[in-house]
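Lifted from TrEMBL, the feature list:
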- 89-131: repeat 'WD' (REPEAT)
- 132-175: repeat 'WD' (REPEAT)
- 176-208: repeat 'WD' (REPEAT)
- 301-433: domain 'MSP' (DOMAIN)
């Protein structure tokens, strides 16, 4: 393996497949280009920005590389000896978290920024063309996908949601809410037709790209302490940051994907996702039972699907059920889902709630669908069939609470204020059914292989995959970059910081 050196820590890596290159963006504003085919010699580096690079994007058809630092983006043309052909300025103070070129419009690109905005640009203007507004916190990531010949954009945010945007109408059509954890990375898998979201807590969710229902949950890989025996030091210095899903990547040749979490890169094979879904449907029909839709007050506010939430009991496991809330009004709707009744059960003590993430509350934009993933607590060795009632409250919120609720009390206070103003607070009772089930193959799978053991204290910060080969690039916290073969799990190229 050839070892190559750069003068400052690398923070970003990308493949440029048409040139057999990969680029490495450094903390000192330099961009370094390496040839991974012809003796792996470095193409001359150049200064892209005065400060640290925060995002890189490779154009899918033109000889362009986009770089971002501070308040400007530069467009570089490698056919013109890496000349900067255009500069784009941001008016806001939030830095750019990700840049992506539009695969269906070669003159357009989109940015996700820390000021909770998604901005759409084109090469005709140095300023943003228009914005997509709907997130309430930093937008960390985005990806394009197509369904029924219509282009969509998925975005992930620190507001703990992922949103689906119709790029024809520029409207948010769907919100995916799986847990109270920020969404750090998103990806569309073209071979499996699924959307993948990686969360700050290390969990990965797979969603259907056709109806946006939850398909799979990927358990975080277990990060073991170093083999040299100082596990107590590892536990002391390990922080929640080390658990973030910092990258998702897949090859066009692959029916699986890789993701980086903490100090490891895990490879997951989900090639039989559709077959498992079909077999699960036939072997456990009660999971799909009673999936009718309920309307509140003749469709005044929200369409609810399904009317019954069904949770199979599995020893020492938590299970999930998706709940879709669709706002058919022209107004913004506030909602709150709570447990209606508390009861004692076979655990031998009174339980505050059988569900781990209820209450859930928030807002649903006009014409949009909000998908909640309701999760149970872990069950003991034995469980018995039981049920409880959930109460869904909803009301048109108008301009009240433009910012998101900080806690449930603010949500309760809003509903009380709306009642005093004469607004109707609609209430619907939903049934949550818990039934004994030995095993359900549909819900949760685990990462299958640990591809890269990154090293103690050297967490992953960036990940990219070659579209046609079984290669991935990993960039670590201390600036080390490696190119791996997923089949052999061998490193073929390494770059280290001097």
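Note: Cβ is positioned from N, Cα and C throughout, glycine not excepted.
Across the domain 'MSP' (301-433), DSSP classifies residues as 13 helix, 62 strand, 58 coil. Residues 94, 97-98, 100, 102-104, 110, 112-120, 181-188, 190, 195, 197-198, 209-210, 212, 364-365, 367-371, 403-404 of the same chain lie 6+ residues outside the repeat 'WD' (132-175) yet bring a C-beta within less than 8 angstroms of a C-beta in it. According to DSSP, the repeat 'WD' (89-131) comprises 0 helix, 21 strand, 22 coil.
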